[in-house]
């Protein structure tokens, strides 16, 4: 027998859960390098912030925000390692890959908020420009540049590497690409470095350091302090322009949208699936990006009633699995039911007028108003018609239809010939009324007047 616990163990707090997951990540040796770079990054950020305060340079502050972004990227890399260690749970049936997307989105959005803060401070400095001290400006620039490049090139950050390639190019990358084509036309050996497009993080680090160097030279030569504010605006705009496409791409992944570059391939695969043997319809298809490089989807497939469900499921999965790694296929057979025809005779009360709605027929005009020549209503004031056509009317004998062949439908109706008068006595033109039921009638005697009511009395 098991032990009975009188008091339930209290649930772990949020801090305790984070500590437990951090220990899980720290147990892997691959994460030690990231933790070491994170510690060095914190020290570097502390020194840079002190130098920003001593130099009173907002351009160096804007460049320091790139070092803070490097810290966010290291945290994202740790989350990527944690995601690879975790397995899907009942609460997270698709796994934990979306945590990577959320980390990238949060990092890029925070970088853009920092750029907006720099733009706001720069606008205030244009009104009252303070004096800039260049004692540690150049030192801080090279320290931040060296550490940023060393971090980007030493650690392979899988989430940011994927986003930088999948997202659209920034305006800075486009301008540098145009310049690189001109340079590579003169020196073809540089095409492997500058083309097709440079790493956006390396590009913004080099461009920010170049702006700070220009700021240092102009202040040292002409004491032009406003260039520091202009450089801060340039660095903020470059930061915002670089991070914005990545935020848009990761935001679309979080919104479970279909990637534009795979829509054509998905349409082609769905057309192939719809032509498989036994498949009648493919509907309710939905495909979305689960994580970076992982596509998930669900689809409903309607098949014939005589088709093999397992065979169709195997073929559909085989076609879609080349592009969709996490796939849910629901197979259901055709729900169309053919109506069964009864082979027993139908009771008389089924087609009884008292049990059904009667559609009133419009009253027919009396035969007195009919022209005996043309069988058309004649107006008293209208002249007689010039031409007379041999139109079938009351003066023309109808064709007698005799049908003694039995209909193969088995509805229990009598198909013999019945007198025309008996049909009119039961109802106006409605077969199967009363004791005699029939669809086809032999016309033996044609009445002299058209239109009789349900009582068999002629209309006036």
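Every residue, even glycine, has its Cβ placed from backbone N, Cα and C.
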Segment assigned the feature transmembrane segment in TrEMBL (from 12-31, 32-51): 32-51
Contact check, the transmembrane segment (137-155) vs the transmembrane segment (96-117), 3+ Cβ pairs under 8 Å, seq sep 6+: no
Per Cβ pairs under 8 Å, the stretch of 32-51, 96-117, 201-219, 225-244 packing most closely against the transmembrane segment (63-84): 96-117
Beyond the flanks of the transmembrane segment (96-117) by 6 or more, those residues with Cβ under 8 Å of it: 62, 65-66, 68-69, 72-73, 75-76, 79-80, 82-83, 86, 88, 159-160, 163, 236-237, 239-240, 243-244, 246-247, 250-251, 253-254, 290-292, 294
